[in-house]
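Visitor: Take this structure first; my questions come after.
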Amino acid sequence: MLVIEGLTCRFGSKAAVDAASFSIDRGSFVGVIGRSGAGKSTLLRMLNRLAEPSEGRILFEGVDVTALQGRELRQWRARSAMIFQQFNLVGRLDVLTNVLMGRLAHVPAWRSLAQVWPEKDRALAMSALDQFDIAPLAAQRADQLSGGQQQRVAIARALVQEPDLILADEPIASLDPRNTKVVMDALLRINKHFGITVLCNLHSLDLARSYCDRLIGMANGRIVFDGAPAELTDSIARELYDLEADDVMGSAPVHAPIGALVPQLGTVAA
């Protein structure tokens, strides 16, 4: 279980996240929603320790994540894989090598520097690419891919980290509707088939309601809603999004898939 206690992040006198407290059970798919600047990205970056909390604690399975340093902190960052809006791929490297970067915490430094990857890791990376129908692109440069393809590569890279938790920060913000569905389906597949907890920042309420089993709403750095998607009424949503409400509530729902293919990578969730 992930437990957040009074988590706060200040930049000068402004609190980007203000006393956030909640807990998340293993295997959940949680959407973090709210208008731009609500504190969603800062919250996820604190959970991965890319941003340092000013106050509060992050506990995972009883371990105080906020106290981790050095090797233990690097191990935590591998266990809590980040997926970014900007993809964060190395454009000049091929797709397979970009995915293998997710194995950095599992191999000696000289192997990654020399790009001499163990065969088992290469097989793992290819299996991850195959999960998202991009294995044929393994030898292609990352900067030659479409935005949707690049985000699927980033998700495959996160999966080979063998994480307990995936933190997706606006993963579909720059994508068209077709690629948005492909990427959200990929995250749902990871969650349902591998039992990996997913915490995903989303701007679209339709997507959040379709894919997530729980929503956490933020406004001005504070958590103002925490519940099932069905509990988020339009009136609450309009208060949450204020002037942006018409933009995030105006499109038709994108329904989550009823079924998915049997995975080939890792352990299937019970």
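Including glycine, each Cβ sits where the backbone N, Cα and C put it.
Values in this document were obtained by computation on a predicted structure and should not be read as measured data.
According to Swiss-Prot, the protein carries these features:
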BINDING   GLY34, ARG35, SER36, GLY37, ALA38, GLY39, LYS40, SER41  ATP binding site
DOMAIN    2-245  domain 'ABC transporter'
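Locate each feature and note its surroundings.
Guide: Note: SER41 (ATP binding site) has non-local neighbours ASP169, GLU170, ASN201, i.e. same-chain residues 6+ apart with C-beta under 8 A of its own C-beta.
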Visitor: Among the binding-site residues ARG35, LYS40, whose Cβ has the fewest other Cβ atoms within 10 Å?
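Guide: Across ARG35, LYS40, these binding-site residues, the one with fewest Cβ atoms within 10 Å is ARG35.
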Visitor: Give the sequence-ordered list of residues that share a chain with GLY37 (ATP binding site), lie 6 or more positions from it, and have CB atoms under 8 Å from its CB.
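Guide: GLY37 (ATP binding site) has no long-range Cβ partners.
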Visitor: Which one of these binding-site residues, GLY34, GLY39, has the sparsest Cβ neighbourhood, judged by other Cβ atoms within 10 angstroms?
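Guide: Among the binding-site residues GLY34, GLY39, the lowest count of other Cβ atoms within 10 Å belongs to GLY39.
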Visitor: For the domain 'ABC transporter' (2-245), what's the model's average pLDDT?
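Guide: Over the domain 'ABC transporter' (2-245), the predicted model scores a mean pLDDT of 91.
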Visitor: Around the ATP site recorded as GLY34, ARG35, SER36, GLY37, ALA38, GLY39, LYS40, SER41, what other same-chain residues have a C-beta within 8 angstroms of the site's C-beta center?
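Guide: In sequence order, the nearby non-listed residues are MET218, ALA219.
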Visitor: Counting only residues 6+ away in sequence within the same chain, which have a CB under 8 Å from the CB of ALA38 (ATP binding site)?
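Guide: The list for ALA38 (ATP binding site) reads MET218, ALA219, ASN220, GLY221, given in order along the sequence.
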